[in-house]
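Taken from TrEMBL as is:
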type	residues	note
ACT_SITE	SER889	active site
ACT_SITE	LYS932	active site
COMPBIAS	62-71	compositional bias 'Polar residues'
DOMAIN	799-981	domain 'Lon proteolytic'
REGION	62-89	region 'Disordered'
REGION	699-731	region 'Disordered'
Amino acid sequence: MLKVLTSSCLQNRFHAVTTAYTPQVRRGTESNTPLLQVLGLLRNLNRRGPYLYRRFFCSDSTDGSEPNSEAASEAKQAEGGSQGGDSDSKTAAAIVPTVFRPEDCLTVLALPLPHRPLFPGIYMPIYVKDPKVLAALVESRKRQAPYAGAFLLRDEQGTDPNAVSASDTERNIYELKGKDLFSRLHEVGTLAQITSIQGDQVILIGHRRIRMTEVVSEEPLTVKVDHLKEQPYNKDDDVIKATSFEVLSTLRDVLKTSSLWKDQVQTYIQHIGDFNYARLADFGAAISGANKLQCQQVLEELDVHKRLQLTLEIVKKEMEISKIQESIAKAIEEKISGEQRRYLLNEQLKAIKKELGLETDDKTALSAKFRERLEPNKEKIPAHVMQVIEEELTKLRLLEASSSEFNVTRNYLDWLTALPWGSYSDENFDVLRAEKILDEDHYGLTDVKERILEFIAVGKLRGTSQGKIICLSGPPGVGKTSIGRSIARALNRKFYRFSVGGLSDVAEIKGHRRTYIGAMPGKMVQCLKSVGTANPLVLIDEIDKLGRGLAGDPASAMLELLDPEQNANFLDHYLDVPIDLSKVLFVCTANVVEMIPNPLLDRMEVISIAGYITDEKMHIARDYLEKSTRETCGIKSEQVEVTDAALLALIENYCREAGVRNLQKQIEKIYRKIALKLVRKDGEIEPQNTVVDEVKAESVHLSDEIKSKEETQAGAESAEGSNDDKPSENVTEAEALEAPVNQMQKCTDEDTNLQDIQETEEVAESEASKTIDKVVVDSPNLAHYVGKPVFHAERIYDQTPVGVVMGLAWTSMGGSTLYIETSLVEQGDGKGALNVTGQLGDVMKESAQIAHTVARIILQDKEPDNQFFANSKLHLHVPAGATPKDGPSAGCTMITALLSLAMKKPVKKDLAMTGEVTLTGKILPIGGVKEKAIAARRSDVKTIIFPSANRRDFDELAPNVKEGLDVHFVDDYKQIFDLAF
C-alpha cells in the first residue's frame, strides 16, 4: 500500500511540475529558439526545486571517478532504512530508482541524429516527422519511462558528407525504416531523457553512453542496449590534470573571443554541477564546431585521458577558428567604421564651426556664394533676370538638401549667377594697330583685312561696336579659322570657337529643358560663362556642314542666334530668360556657301577667300611656315638652307591646291628628314679645314716662341751652349738636375704653358668638329625629301590641236584648267549626232547639247556650204574621267572646240576661256574669277576670255594676280569667234 501511494504521489508531483512549467517555456521572453526555451525551463526548475531537478536529470550520470553517486546512496538507504528525517521522503527516494533509473532502460527507442551526436549533460532539440515514432515517444512519457536512445547517422557510402545538403539528409532519415535504419546508425549513442514534446519537436538531454546490440522491433525501431561506463582512472594523475587544465584554459580563451556558447556554459554549470574530467571532455566536444565524426570519436572513447586529448585537439582547432573569425570581423568592422567615423567627424566639425560662427549650413553658404557672385555687377543685371534669381534663392532656402529639386535649383542658380550680365571687355579701335596685327598673322587677303578695318573704323566713330555676322568662305587651308583668331586679337575681344560640323541636335544650340536629367545650357551660354564677357568674338566653324537629325533642324535654330534683329533677346531653353547677344561678333567659316541654307546665308556677310597664287604661297612659306617649322624641329637657321627654286618646285609640283595646309605638311616633312640627317652625322662629322688650320698655326707660333725662350735661357746660363736642338735639350736636362730651386720653378712654368697650348688645340679641334656643313635643299634633291612629284603640268599641249580648247574651272580646292576635246567618229549623210563622256553632270551635258546647236548655227552663218555637223557623228570628252565635273561655265569652250573641229582650224596659242552660252549666243556671267585667273597663270596662259558681267570681279583682284594677263570681256559668242580663230 505504501509503495503504491508513494508511486502515485511522485507521479502526481512529476505531472504537477511538467504542467506548471511547460507554459512558461511558451511564454518565455529570453529567446524563441527551442533550445533556450528549455534552458529557461531548467533554470526555473533549478530555482524552484533543486531536489526535483537532481532526481529528474542528474542523479544517474555516473562515471568511474565517482562511484559513490547519489543514486547509489539512495539505493543503500532504501535497502537498509534510515535513522532520521522524514520517513515518506526516504521511502520515496528508495522507490523512485526502481521506476526511473536510467540503468533500468535496457530496451529503448532508437532516434537517428543527422548532424551531431548527443553528449551526456547536453540539451538537443530534434524534429520527429514519423507519426509512429512520435506516438511511441509520447507513450513512453506516459509510462513514466521518458528515455530514448540517440544515435548518430552514418553517411552513405560514396558520398561526400560536406556536399550533402541538410534537406537531403533529413529526407534520407525519413525514408529509412527498420533494419536499413539500424545498419546506418553508429553503435555507440547516448541514453537521452525526453524533457518535452511540442508538436513534432522533441527536446532531449543526454544521460549516459550506451551501445545497441540487436533489433527488438523494426517499426518504430526499438533496440537492446548495453550501458557503457568510463574506464577507471586516477584523478590525481598529473598528466590527466595537465590535460584537463589545458582544455579549460583553451575553452576560457574561446569563450573570451566568442560569446556563442556562454549561455550554454552558464546553464551547464548551474544544472549539472561542477566539472569532472569526463564531463569536461564531453562538454568541450559538445560546444565545439568539429565535424560529427570527430565528435562521435569522443563519444565512443571510454578512456578518460584519451577522451581529454581528443577534446583538446578539437578545442584548439576551435580556438584557431575563433581567431580567424575575430580577424575577419575586425577587418570588416574597420572597413565599415572608417566611413562612419569620417561622416561623424565631418558632422561634428560642421556643428563646431556653426557654434563658433565660422561656417553656416550648406543652404546658407550656397545662397551667400551666389549673392557674392552677383555683387560686382548687380546694377548691370536686367530686372527680369534679377527677379528670377531672387525667386530661385527663396526656393533654395525652402527645399531640403537631400531632395532632387534642390540640386536642379542649385545648378540653375549656378549658371544664372555665373553669366557676365552687362560685363563687356574694353575694345581697341586703333585701326593702325589692328592692321599691323593682321599683317603679322596673314599674308595677302587684302579684301578680308579691309572689311575688318572698316568694322573697326565704324565702331570708333560710333563709340561702340554692334555685333555683325561675317562668313569667311573658301577652300580648306586658306586660314579661315586663324583669321577669326587674329580679328579677336586686333579688337581685344575674348575668343571662343565651336564647330557645328555634323551637329544634329538643336539642344546643343538652344539648350535642354531643365526637367530632363543631365540638362545643360546651349553652346552660347557655355561660351559666355567661359569667356566672362558679353561681347566676345565667337567663331562658328564649318557652318556649311550642319546636320539634320531627329531632334530638329539646327540650321533653323541658328537663325535666332545669328539674326541681329532677334539675338538681342536670345532665349535659351535651360535658362529660360532672355540673353543679349547683340554685342557678340560672329565669324562663320564655310567651304561651300551653296551648302548653307538660304535663310541663314541671308543674315551673313560673305567674304570669299579664293586661295593663294604661287607668289603668295612663296611669301607664306618663307615668312611664316618655314620659320615656325624650323623652331618646332629645333634646327638653327645657319644649319639649313631651302632655296627659292626648291620652294617653287614644292608649290608647283606637290602643293597645287588653293590653301597652304598641305604646303606646311611638306615643309615639316623636309625639316624632319633634315633633323634625322643632322643627328646621324653628329658622330661622323669631319672638322672644317680652315678652323683647324688656324688653330694649328697659332699653336705652332706659341710653341716656337717658348722654344726660343728656352734656347736663350739655356745659352745664357750654360757654358757649353749650342745652337742645335738636341744639345740644347741635353744641356737643359743636365741643368735641370743641378739647377737651384728658382730654375726648377721656371721649367715648371714653361711646362704649364706647353700643357695649356695643347689643351687649347684640343678644345679648338673639338669645336671645329662640332661645326657642320650646311644642309642645302634645292630643286634637284627635293625628291629625296618629299618623294616623287604629285602633280604634273596641267597643260598637256604646247599648241592645242584641232578640236581641242582649254577651259577654266572652279573647284572647292581652288581653280584649275581643263581641256575640252572633240573628235570625229564617222561621217555620212544624215549621221549628225553628239556623244559626251568624262563623268559630266546634268548641267554640263545640257551645256554640250546647247553648244552643239549654237555651233551649227554659227557654222551655217560663217560657212553656209559646210555640212559638217549635219553629216558627222562627234564625240566630246573632258579628260580626267574619274573626277566628277559639273557646272554652268563650259558652254563657250565646248562651242569653240566643236567649231575648231568643223573648220579644221586650231585655236590661238595660249588661250583659255570660261562662260555659259545661251541658245542665241549670249555669254552669261560665271563665278570663281580669281581662282580661274590663278589657274591660268599657273598654266602659263596669257590670253583669257571672261564674260563682260565679270569685269568688276576681275578689276577687284590684286595687281600681282592680274599681272601679265591679256583679258578680254565678251557679251556675244561672235566676239569669241573672232578672238579664237
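Cβ from N, Cα, C; glycine included.
Remember, TrEMBL labels are computer predictions, not curated facts.
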Rounded inter-Cα distance in Å - LYS932 (active site), SER889 (active site): 11
Cβ packing number for SER889 (active site), 10 Å threshold: 25
For LYS932 (active site), the number of other Cβ atoms found within 10 Å of its own Cβ: 28
The domain 'Lon proteolytic' (799-981) [mean pLDDT, rounded to integer]: 88
